[in-house]
Structure formats: C-alpha cells, structure tokens
Amino acid sequence: MYGFFNSSEIDEEYYNSTHTSAPSPILALIFTIICIIGVIGNASLLVYIFAKKLYQNFISSRFIGHLCFTNLIALLVLVPVIIHNVFTGVNLLQDSNMLCRIQVSITVTVWTVIAMMNLCIAGVHLLTFARIHYEQLFGLTPTKLCILSWIISWLLSLPSLTNGHVAIYGPAVRTCVFSHSDSGLKFLTYTMIFGVFIPALFSSIAYFRILQTLFHSPIVFQSLGLYKSRFLVYFFLLGPLYALPFYILTALDPSDPVRMSQDTLWTIGCTMFAFVPCIIAPLLYGASIFIIKEEDMALTARTHTKTGTGAYHHVAHQHNMQAQLI
C-alpha cells in the first residue's frame, strides 16, 4: 500500500492512463441546464426553510435544509468537473492524481451524507404516522446527527486519500472512479455497504411501514389529507436506484469494452443519472413539508426548548397537525 507521501509510482501510472474521450458539447449544455435547475431548486427550498423559520417548529425541516445544503455542494463542486470533461473530452484533473483522489473522496462523502439525511427524513416521516417520540427513534438532536453524518461519511471516504490505488479516471463515465485494484474493489464494496445499502435498507423499511399504515386505514388518512402522500413515498423508495448504474459501471473490469468506451453516450448518462436525487430532492421534500404534516408538540417541544407556548399554538393553528387529528 502506498501512503499519502509515497506515491511516485502511482502518479506515473495515473499520468500514463487514458484521460481523453470524445467531446459532447450538446450533452454538456443539457447537463448544465439541469444542474442550474437543481441549484435553483435546492437554494430556493433552503432559503424558504430559513425565511419561514420552519427549522424552529419542524424536525424534518432541519434534515431537509441540511440535505439541500449537501445537494448544493454536489451540484456546485462535483458536477461542473464532469460537465467540463464531457464538453472538452479531456479530464480536468489529468495533471494531478491527488486531485482525482480528492474528487472521489468528496463524491463518497457527499453521497453518503445524502443517504444518511434521506434515512433521517424517512425516520421523521415514520414517527409522524406512528406517533413515536423523536428521542425514541433517534436519541440525538438533529444538529448532532447532521454533524455525525459528515464525520462518518468522511471517515468512509478516507482510503481514497491515503491509498493511491483506490482512484482512477474513467474515460467512459467522465469522472474519477474506483480503480479495479484490490484496494479499489474493497473500497467500492464497503462504500456501497455502509454508504448505500444500509441507509437505503432502513429508509425502505421506514417507508414500507408508512405505506402499511396508510393502506391499513385509507379512509382516516383521506379525511386528514395525508393519503396522497403515498405517491411521495413511491418516489422516496426509488432514491437508491439512481446511482446503481454508475456503481455497476465502476465495478466492471477496466479492460471491459463498456468501461473503456470513449464514444458511448449512455455511460455519461449513468454518471449524471446518479446525481438525479440532488435535482429532484427540492421538489419531493418541498412537497413533503406540506403534504406529510409533522407532529409538532411531541417533536419540537422536546428538542427545541426555546420555542415558546404561544409559538406552538400559532403553528398548531396554522398547520393541521396530523398527530392531533388521529
């Protein structure tokens, strides 16, 4: 294993690898427009949450706001590099193996934080329908959970910085990916287990529980205006599937024609498809703020002690709290 300061052979191997592909200016323009839409959506929802001070009265809004912030990092830091590579056909980081490894580290960190925030939001949605106290399900305040998600995600991505054999540029996907070395495959495996499968598994369990609750008493939830939230749940369940084609491509042998292809456009689409959750998240979670109404007194009063009684009654009157109606 080559460490952080002993990477001359790794750098030479990186410089000798393929860094050029067929340029696709039209596709890069489409990606740019989609990215701008995602940035506007996430920024708008984040501003709305802060402007309306929803974070003071709704637990889910804190996680949603943090998710929007994480999405903005992905759309403003990671996606522009990919767009440049698609537009020019040349790897922007071809002169720096370390920057390529940093890109992989940021990608793993951001995607894992997004997965953990989706899990936290799914947990809040579950307790909304099951009338479970926040502490019974989480045990930590939202702020601590958000900070902890970054620490865990960064530790998960750390091998990409300490081991040069982990990352390499993929000409087909137009970004730095996991290498096919033993270290790279091990890193890919435990990244998918801890950063994808485990959060997705618990999120799916939470949403299946919600669907079970909805379908058990549809008339009750129709009267509350919550039965239509099942359509949001269907989209939430699709979240982990967007990045699946990208992970499959990175798991292929580097000599595979699909992974080495420099002219196939669908492989580039798989890369951008992995960022779809960052783009549609403001729409889905923005809608959930209004459709999946959250229990206020049991959640906020026990985690945000500064909220006064008058503020609670104002919010309870303004929002038709689901827990008060069941």
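The backbone N, Cα and C atoms fix where each Cβ goes, glycine too.
What TrEMBL says about this one:
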- 41-285: domain 'G-protein coupled receptors family 1 profile' (DOMAIN)
- 26-51: transmembrane segment (TRANSMEM)
- 63-83: transmembrane segment (TRANSMEM)
- 103-130: transmembrane segment (TRANSMEM)
- 187-210: transmembrane segment (TRANSMEM)
- 231-252: transmembrane segment (TRANSMEM)
- 264-292: transmembrane segment (TRANSMEM)
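Same-chain neighbours of the transmembrane segment (26-51): 61, 64-65, 68-69, 71-72, 75-76, 79-80, 82-84, 86-87, 265, 268, 272, 275, 278-279, 281-283, 285-286, counting only residues six or more beyond its ends whose CB sits under 8 Å from a CB of the stretch.
Summarised as a single figure, the pLDDT of the domain 'G-protein coupled receptors family 1 profile' (41-285) averages 86.
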